[in-house]
Amino acid sequence: MQEDSIEASTSISQLLRESYLAETRHRGDNERSRAEPSSNPFHFSGPGAAEGGGPEDLPDLSAFLSQEELDESVNLARLAINHDPLERVDEAQARKRLSSDQTKHASKPSFEPAFHQDSSRGPASPKDSPPETKRPQYSSETQSKKVFLNKAADFIEELSSLFKAHSSKRIRPRACKNHKSKTESQNKVLQENSPTFSDLTERRERASVPIPIPADSRDNELNHAIEQREAKRREAELAAGEAAAGDSTPGSSPSSLYYEEPLGQPPRFTQKLRSREVPEGSRVQLDCIVVGIPPPQVRWYCEGKELENSPDIHIVQAGNLHSLTIAEAFEEDTGRYSCFASNIYGTDSTSAEIYIEGVSSSDSEGDPNKEEMNRIQKPNEVSSPPTTSAAIPPAAEAQPLAAQPRVSTVQQCQSPTNYLQGLNGKPIIAAPVFTKMLQNLSASEGQLVVFECRVKGAPSPKVEWYREGTLIEDSPDFRILQKKPRSMAEPEEICTLVIAEVFSEDSGCFTCTASNKYGTVSSIAQLDVRGNEDISDNGALHSANSTTNPAVAEHQPSPLNPQPLSEEQPPKPKLEGVLVNHNEPRSSSRIGLRVHFNLPEDDKDMEASSGSGAANTSQTRPNSFPERFNGQEARIPEPSSPIKEPPPVLAKPKLDSTQLQQLHNQVLLEQQQLQNTSPSSPKESLHMSALNSAPPAVTISSKQVKGPAPQMFNLARPKHFFPASSTSTATVSPSSSPVFTLSNTPQTIQRTVSKESLLMAHPSTQGRSPGGLSIQNEPAPPSPAEPAAPPTAAYSIPSGNQFQPHCVSPTPVSPTGRIQNPVAFLSSVLPSLPSIPPTNAMGLPKSAPSVPSQGLMKKTTKAPQAVSDDYIRETKNSVILDLGKKVNFGDVRSHQQEYKISSFEQRLMNEIEFRLERTPVDESDDEIEHDEIPTGKCIAPIFDKRLKHFRVTEGSPVTFTCKIVGIPVPKVYWFKDGKQISKRNEHCKMRREGDGTCSLHIESTHGDDDGNYTIMAANPQGRISCSGHLMVQGLPIRSRLSPALSHRGRSRMQERDKEPLQERFFRPHFLQAPGDMVAHEGRLCRLDCKVSGLPPPELTWLLNGQPVLPDASHKMLVRETGVHSLLIDPLTQRDAGTYTCVATNKTGQNSFSLELTVVAKEVKKAPVILEKLQNSGVPEGHPVRLEGRVIGMPPPVFYWKKDNETIPFTRERISMHQDTTGYVCLLIQPAKKSDAGWYTLSAKNEAGIVSCTARLDIYAQWHQQIPTPISIRPSGSRYGSLTSKGLDIFSAFSSVESTMLYSCTSRSVVESDEL
């Protein structure tokens, strides 16, 4: 069979050689075909493969390929094995088409073959010349030539495409390059007899997938490829000439061109990555071990993004061990980490989930400042969805984006399908159920918002998030997290949706849906985003150098109607027709400029909504109601482009004396008209609208924008002092005509008043009109750095809800308040002061000239100095006290006004709830009993109404109320700062109604009531809890009065220096506190607590009333997360007692106490031998005892050895005994001669080991019976005479002694023993 194949090879070589000589005459045609690049890679699958073209045909390639080309082709074929399998499906079809085309046109190959005559091949060798009859039979000579020429042409064309692909600039893995150099070095020591490698090589080459040529590199490399081909052709002609001379060497083998290499191995991970949960700030290291031949190249990815070495992330390789280390893990490092390994034989990967636990169990909060900085630095950065595989070669990356598979968030949120098993081993099957529902949230623009719910079910449910019916996918703006259950005892999963920064378009209904094959359940919550109210006069305006003409703006044809979000819109839509530049950083686009008019018909809707801001899309203006300003229909210009730069927010323009005169006359006219109307109380109507008259063109300079507006006061009032409310804000239209709206309730007035308004300079004059309120303020004299500004026009509040302007000003109201001068406003509401002289509407004395000059204005500011400073101080104090009473009265009248806590505090409370639900509690205060095994339908507790957060003043009552439903009726537990509230507590009264409403009432609050209140409901189906925060605030008013004494004549710079006096102050309260603890002596004890307050409080630890001082065993630490810790290491009995932690700042102090019990350390004592073993000897056949006494704590364990060999307990004739006193005995009964030897007793316990050794000798029986006549006499001779005389000698002794006497008669007694 081998001879047949060799002869066939010889004939093929001859045919190819003849074909080559004929083809060299048509070089011109070959040059043209050579210039055509091969764009479609394909396999070699010639038509003759089934006709005998087996592995034996491969040596024929040496007839037209040089040694170097053969080696390189093998290497390139191996490289092609690592080709992306995704392309092989498309290439297979291309190969079929190419194979059929090449069969038709094989007689005209597109590439000129290069022949190389091997000196080992020729008919001169007798082994290579078998008989003619053994050759394979073909139909004709012509057909055989055609078949083999087709095969040769196909393979040559394939090799040519490989060479071209190899010469391109494709980046290959390092492992491939190393492998090539290794192969080339081995080819230098080729050996001659390797008959099997040719078969293996051909199989390798036929299975290879050539690497496609990138289209952009073909033209650049075409000339280089032609030059290389020309050089090889000339070498082939030279070699063909030598072959024609018939030069051959017998004994050479056709397979001498190849050298057999060891087979490669694809990568394989022997140690995979492991998922884990780690606390924030700790060091995280991922380790994996991968093997492969050649050593694979390893790449790391996080959520589809490749990771590289950096100061934060270290990638290390030590042999086959690959490690990824995160030096300090933060919450944004949470994600799926993957490791990909690849070499020329394949790829492998392993992945793991890393969850960074922050303060909360379900947070993914990043640093807002850091995120803001990133948005400013990278405004146009677009995040792409993570890809599932990172092992995509460069050729695949050049494909269109549509060809790449899209990974949806649903896959990331899928839970494992494994079933939890019950106690009987069978899987637990249950439909999903929410153990904690979503909560309605309200936030301001730019805040971080976290939706959290908890769900359980078996199999683990699949969780999806929707906004207004639209599926939310994981992205940097919407992070979706799902924390798997820790164990079967805690089967619930924590599902979290984190919105890094909310905007008004994010308002809407959010739904979390959990489903498995047994059911689906959903939880719905509403998110209300309030407009950004933090635009102050410190340069936050982003637009400048703009000119606006209100007259032109009034005649724009179509109004702007913001469209509400629809279900088909994505979570972050770019709303059409909204003047928001989405290409700008998100911080600059917070100034929403969409216009909303508050109509009388909309007042009810506004009161129902929980928040409305400058960019609120939940309210639209009815088209049928035209607003009229000065008798003209208002027209709002539409933006020319939805991505157009937002129009500038107008600062206050400078008014010259002529304009001041016009304003002054108009205000006086309006005041007279108001006096003629029927007076009405300010409580009846407080609807104010200001507008539509401005200078024809107002130009704002950049200096005006950057600097603070002269009349814009900082009204950033501490939010914890006055009850928060949802009032409408002033919105600015593109036509620079602001619309000012105030809610129609006196509560709004009280809530809107800013405490910092009391810190402003007292106005020189104030005026009131019978029918309304006129609010004015005057400027201070200009400082050297700032120009002087004229006074602002007055805003008057008419009676009735009319959209009729009563004053004219183009100045927008500061978004932090609805009233420009709260001091004047309060003065109008409160009783007027008799010391204030009457003024006109401009705030000037009535005797002032109609056109006041700047000097006269300065003089009028000093008019109140006629009154004594003490009187002014007393009157102001009375005003402020009256204000405090009114505020308190408003709070009591409207009961409790809830306020919104920060997202950070909310997640802290969620963490407390999470731990409380897993902590054993005392018996419930309810008289409700639950069966151990529930029967019938059971429903876990659900909150129909949750607790709210309240801010009250000291001494006010407060009531926490919620409603709980569940079957059976749940038990209820109340906690304050993690400690259960007893029903015997007289201060906190707990009630429960029949409908499930539960309440906790405090009649009179004081400072110690400040904290977190949690209610937990439990029944056999599960537990659920929710929390509310109570902030008890005093009224430290007099300590804040000093800035109110500042004169109007002081400069703005001096007022700015006093701004730190407006700092917020919060009394300390503990967010986290430990309970009573039990610790073991000698170990580490840690007491952790978390406290909040402004300024940050100082903590002091007391033990039984005495301060705990830091020393070698007591350390006080503060972590970055704000957790304070007291470390005691090692713990001693002296550390037991009552610990008290006191937090103190300038507003007060707070404390908690706990009892620390120290368990005594177990006493350990090494064994001690009290009685050692004694050397002894006994006659053979007698029993023997080896005795000793050993003590130790804990009691030791005894081991017996004979000649260093352990004596088993089951050996016959030997028994071991011991008692509680430490006595130990080894009894041998009877003793034999083989028992002689050295015996060792060892005693061992946890503290140590001790041993002792003794010798046992066994004597022969005859050794004791040798008679000694001199010292031996009959034992009974002394008493014989007495006994014969009738005297009973033995009766005179005791039974023991008599027994001894009888026993002595059995043997002779040595005299020395008797003596």
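Note that the numbers count up from 1, one per residue, in the order the chain is shown.
Cβ from N, Cα, C; glycine included.
These numbers come from a predicted model, not from an experiment.
Take the candidates Cys302, Cys339, Cys512; Swiss-Prot pairs Cys453 in a disulfide bond with Cys512.
Of Ser38, Ser589, Ser618, Ser924, the one with phosphoserine in Swiss-Prot is Ser924, while the others lack that note in the record, though it may still apply to them. When Ser125, Ser129 are compared with the annotations in Swiss-Prot, the one labelled phosphoserine turns out to be Ser129. Checked against Swiss-Prot, the range among 725-747, 978-1000 recorded as region 'Disordered' is 725-747. Checking the candidates Cys302, Cys339 against Swiss-Prot, the cysteine paired with Cys288 through a disulfide bond is Cys339. Across the structure, Cys512 (disulfide bond) and Ser903 (phosphoserine) place their CA atoms 19 angstrom apart. Using a 10 Å Cβ-Cβ cutoff, Cys512 (disulfide bond) registers 25 neighbours. Its own atom aside, the Cβ of Ser903 (phosphoserine) has 21 Cβ atoms within 10 angstroms in the protein chains shown. Put plainly, the disulfide-bonded residues Cys453, Cys1089 were compared by Cβ crowding within 10 Å, and the winner is Cys453. Distances between the Cα of Cys339 (disulfide bond) and those of the recorded positions Cys453, Ser903, Cys1089, Cys1141 are shortest for Cys453. There are 26 other CB atoms within 10 A of the CB of Cys339 (disulfide bond), with all protein chains counted. When the domain 'Ig-like 2' (432-528) is classified with DSSP, helix, strand and coil residues number 3 helix, 61 strand, 33 coil.
Model confidence over the domain 'Ig-like 2' (432-528) is summarised by a mean pLDDT of 88. A gap of 34 Å separates the Cα atoms of Cys288 (disulfide bond) and Cys453 (disulfide bond). Summarising the environment of Cys288 (disulfide bond), the number of other Cβ atoms within 10 Å of its Cβ, over all protein chains shown, is 22.
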